[in-house]
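The next block holds one structure in the form of structure tokens; read it before the comments.
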Amino acid sequence: MQSLSIQKTIRALLLLGLLVALAVLAKPFLVPLLFAVVVAMLLLPVTVWLQKKRLPQWLAVLLSVLVFLSAIGIIIYVLSWQVSNLVEESGNIEQQATKKVNEFQHYIQQTFGVPVKEQSKIASGQSGTSSGSYIADGVAKLLAGIGGFITDFILFIVYTFLLIYYRGHLKEFMLRMFFSKSRFKADKVIDDCRLVAQQYITGLALMILSLCIMYGIGFSIVGVKNAILFATLAAVLETVPFVGNITGTLLAILMTIVQGGSNTMIVGVIITYAAVQFIQTYLLEPLVVGKKVDINPLITIAGLVLAELIWGIPGMVLAIPLMGIAKIIFDNVEPLQPLGFLMGKVEK
């Protein structure tokens with residue numbers, strides 16, 4: 001019996017390793033597809049509502065996708081408007097940045113005795129590679145990144161449209177994989193998975209909008225230049241749990257320093273961040289997001305770290321809704337129920 005248990009454990013570990021390897025290799029295919037699955041679940045109520053208005057299915061799906069693209073377009077327009085203002089001030093920002101760097105270098109020299117010239121050599125790495133090759137490599141990587149992003153985005157939109165359009169066919173396929181006596185339970189599991197992803201994404205969207213407004217008001221009161229840009233960044237980065245909003249706020253603090261902001265402004269940015277986090281934790285999350293994904297913090301953090309190792313930032317964005325879907329499946333498949341118990345929150 002013991003040898004049989006060891007064999008099962010080894011098989012499970014090998015299967016897990018195989019799945020992780022496949023996830024890494026299939027990243028270009030899986031990431032846009034899974035983003036499309038999550039967004040399709042979000043847009044499904046809009047499509048159903050439009051179909052109830054007697055619109056053809058293809059038109060209802062198309063309008064739903066166009067609504068989503070319009071929202072993305074508005075966000076991009078606001079950000080580009082703010083970025084253009086930032087570019088206009090680039091000369092002043094460069095002067096302030098140079099001044100701050102010089103002040104920091106002199107501080108290092110006075111405190112640690114490292115000459116400014118030596119610091120510059122260390123910072124440059126004393127590399128023999130010419131600046132021209134650095135620029136050429138950077139441009140090549142940038143163009144490759146833009147091309148890859150455009151390709152993934154087009155695939156994402158196509159997948160989203162087709163997933164919503166063929167939702168009935170796909171659901172029937174999944175139900176046919178079960179015996180007739182299990183079809184009702186399978187149907188419930190599919191609906192629960194859709195509901196969890198839909199509620200989480202909807203709550204997250206409302207959360208981002210609320211954070212954008214609060215950060216915008218706070219940064220504007222403090223006097224941060226281009227407050228809307230940094231408020232939007234801090235709010236949108238909320239899609240990366242735990243580290244996203246901190247990163248956005250650190251960017252605001254850094255730009256405040258570079259733009260010649262006083263210590264009072266920096267303290268004001270920090271107070272704004274603390275106040276918004278307090279409101280988010282004790283008011284917004286219970287009211288807006290609520291108990292959408294019932295996973296304990298240990299599994300949440302471990303899942304985010306693993307997802308980042310496998311897929312990077314896209315993995316962190318997808319991790320929580322995918323873990324919520326996985327927990328529902330585990331809870332309803334008897335051999336996997338211990339995993340569902342492990343992922344769930346501890347009952348007090």
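The backbone N, Cα and C atoms fix where each Cβ goes, and this holds for glycine too.
TrEMBL does not curate its annotations; it predicts them automatically.
Here is what TrEMBL records for this protein:
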type     : residues : note
TRANSMEM : 33-51    : transmembrane segment
TRANSMEM : 58-79    : transmembrane segment
TRANSMEM : 142-166  : transmembrane segment
TRANSMEM : 200-222  : transmembrane segment
TRANSMEM : 228-253  : transmembrane segment
TRANSMEM : 265-283  : transmembrane segment
TRANSMEM : 295-320  : transmembrane segment
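Touching of the transmembrane segment (200-222) and the transmembrane segment (265-283) is concluded from the presence of at least three CB pairs under 8 A, sequence neighbours closer than 6 excluded. Count of Cβ pairs under 8 Å against the transmembrane segment (33-51): among 58-79, 142-166, 265-283, 295-320, the largest is for 142-166. Within its own chain, the transmembrane segment (265-283) has Cβ neighbours under 8 Å at 207, 210-211, 214-215, 218-219, 221-224, 234, 245, 249, 252-253, 256-257, counting only residues six or more beyond its boundaries.
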